Amino acid sequence: MEERVADKTEFTECWHRTTESPYIMRLALSAGIGGLLFGYDTGVISGALLYIRDEFDQVDKKTWLQETIVSMAVAGAIIGAAFGGWMNDKLGRKRSILVADVVFFLGALVMAAAPAPSVIILGRFLVGMASMTAPLYISEASPAKIRGALVSINGFLITAGQFLSYLINLAFTKAPGTWRWMLGVAGVPAAIQFMLMLSLPESPRWLYRQNKEEEAKHILSKIYRPSEVEEEMRAMQESVKTEREEEGLIGHSLAQKLKSALANDLVRRALYAGVTVQVAQQFVGINTVMYYSPTIVQFAGIASNSTALALSLVTSGLNTVGSILSMVFIDRCGRRKLMLISMIGIIVCLVTLSATFNLAAHHAPAISKQDTVSFGANFTCQPYTKAPNFSSWNCMHCLQVDCAFCASSKSDVLPGACLAGDKRIRGICGAENRVWFSEGCPSKFGILAVAILGLYIIVYSPGMGTVPWVLNSEIYPLRFRGLGGGIAAVCNWCANLIVSESFLSLTKALGTSGTFLLFAGFSLMGLGAIYALVPETKGLQFEAVEKLLQKGFKPFPFNTKKEDNQGKEQDLA
């Protein structure tokens, strides 16, 4: 996503350029909407899923269907990334974004009007395919001095878009159609970006590669100040010439490029580092929090959909704050150190979260047989009545067999009824002014779990949230930068798909406590891999990074006394 981190000077220059040029203003708006669009798409489903479950019984009862609805946008993004490069080169950057906006808009309409879960899945796939198209255009069509700022703004607004999705989810909790509005509203920013893009020109770099030099120069004159146009034209000529020469050396086809990359020791070492941080980013479990945050809050014993959404808003807001902190600390602390500190904090939070959910499970309210049978035999949870040890059951046992707990109206910690998980029975429970729990049990530990979840986001976002993308933009040799970054990004999306498609199934099999403990184990392995394979690149020119990788990176205590001082500082960082 982010190509590199912009410094304060770039943001100041970005402000000056934006205010003096209508074109740059439109480009900045397009950049912002592109980021918001992607962030909204990834965040909105977390709240919508609660209400989709309420409307469709098969979704409520089938965990795999919930996982598929959530993760299908990720599957679409993988397919979109696979074809996106070809489409960008064939149609041009501008037309590719216009096509993507149309597809996204149609996907939003399909979801809003969906008569069945299968149609929601189709809509999710469409919006996923169209989500991530803006950064390439922004990087090629913006002035070099503010390019980093615009791409950084795009990255920041992804998290802002996630936060916005939680706000909109909360706004529609009482509206007729709830989830349909939540998903359908995504079409609005896509339509706005489409209208903005109509007034923006094609990427001058793409035009130049199509041998349309005069048209490229004319567009550069809109982007740059008159004194800068010729210099930028020469720089673009040199860059495109170098690219064509490199294509001649390593080939045009993907297979040729892959073969050439994997045969190169330097590129392989860069890939070890780049892929490691991208896969580790997903296997710490972050997108289980972003995609399932309200559901996790309900696991902690918060029964109300609207309350779960409101508390989830806090975690999303902290993610946005963490992105800002990353911009402040990444060049002060360094990439490697920030990731290692982040991973240690993540492990501590996940272990603590696991222990909290374990305590909540052991202190869950007991089941009252008298209360349960008072609802009638047809409403009672059948596994409970047939269990030889039913007297030892508590709320958690009830939920584990797909039944529900009707809490006492007097207190959340008093014994309650174990009933069949049917919506009709839920209404009867509610009619008695009692609270229905089907995802988690009432617990005094619920708010503590939400607080730890917030702390997890704070330690994740500035380090593992941002740094993997920055590292991947600077660790590969120039001629393999696009390929290396692409491989690492696909690995990131695939890991994302695996985690989001399996989370609810894991909670069924291992329990919420066991699932977070499993992610803590994955995080511990990720910490070891990052320590062993990822060098520090802070403050290094691209050539210095290449030399470091050519020599081979060895962390303390595996480095020798012959290592230079630069290497020692990096290893200990």
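Glycine too: its Cβ is placed from the backbone N, Cα and C atoms.
Since we're looking at a predicted model, the values are computed, not measured.
The following features are taken from TrEMBL:
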- 27-52: transmembrane segment (TRANSMEM)
- 27-538: domain 'Major facilitator superfamily (MFS) profile' (DOMAIN)
- 64-84: transmembrane segment (TRANSMEM)
- 96-114: transmembrane segment (TRANSMEM)
- 120-138: transmembrane segment (TRANSMEM)
- 150-172: transmembrane segment (TRANSMEM)
- 178-200: transmembrane segment (TRANSMEM)
- 338-361: transmembrane segment (TRANSMEM)
- 445-471: transmembrane segment (TRANSMEM)
- 483-504: transmembrane segment (TRANSMEM)
- 516-534: transmembrane segment (TRANSMEM)
For the transmembrane segment (64-84), sequence-distant contacts whose Cβ falls under 8 Å of one of its Cβ atoms, 6 or more beyond its ends:
41-42, 45-46, 49, 52-53, 58, 96, 100, 117, 120-121, 124-133, 291-292, 486, 489-490, 493-494, 496-497, 500-505
Sequence-remote partners of the transmembrane segment (516-534) [C-beta within less than 8 Å, at least six residues beyond its ends]:
269, 272-273, 276-277, 279-280, 283-285, 288, 335-336, 339-340, 343-344, 346-347, 350-351, 353-354, 357, 471, 506, 510, 553, 555
Run the contact check on the transmembrane segment (27-52) against the transmembrane segment (338-361): 3 or more C-beta pairs under 8 Å, excluding pairs closer than 6 in sequence.
no
Surrounding residues of the transmembrane segment (445-471) on its own chain - C-beta under 8 Å, 6+ positions past either end:
1-2, 4-5, 155, 159, 273-274, 277-278, 280-281, 284, 286, 289, 293, 296-297, 299-302, 311, 314-315, 318-319, 321-323, 325-327, 329-330, 335, 338-339, 341-343, 345-346, 348-350, 352-353, 356-357, 359-360, 363, 488, 492, 534, 537
Contact set, same chain, for the transmembrane segment (338-361): CB under 8 Å, 6 or more residues outside the stretch:
277, 280, 284-285, 299-301, 326, 329-330, 396, 440-441, 443, 445-446, 448-449, 452-453, 455-456, 459-460, 462-465, 467-468, 511-514, 516-517, 519-520, 523-524, 526-527, 530-531, 534, 573
Positions whose Cβ lies under 8 angstroms from the transmembrane segment (96-114), at least six residues beyond its ends:
34, 37, 41, 80, 84, 87-88, 120, 122-131, 133-134, 137, 180-181, 183-187, 190-191, 193-194, 197-198
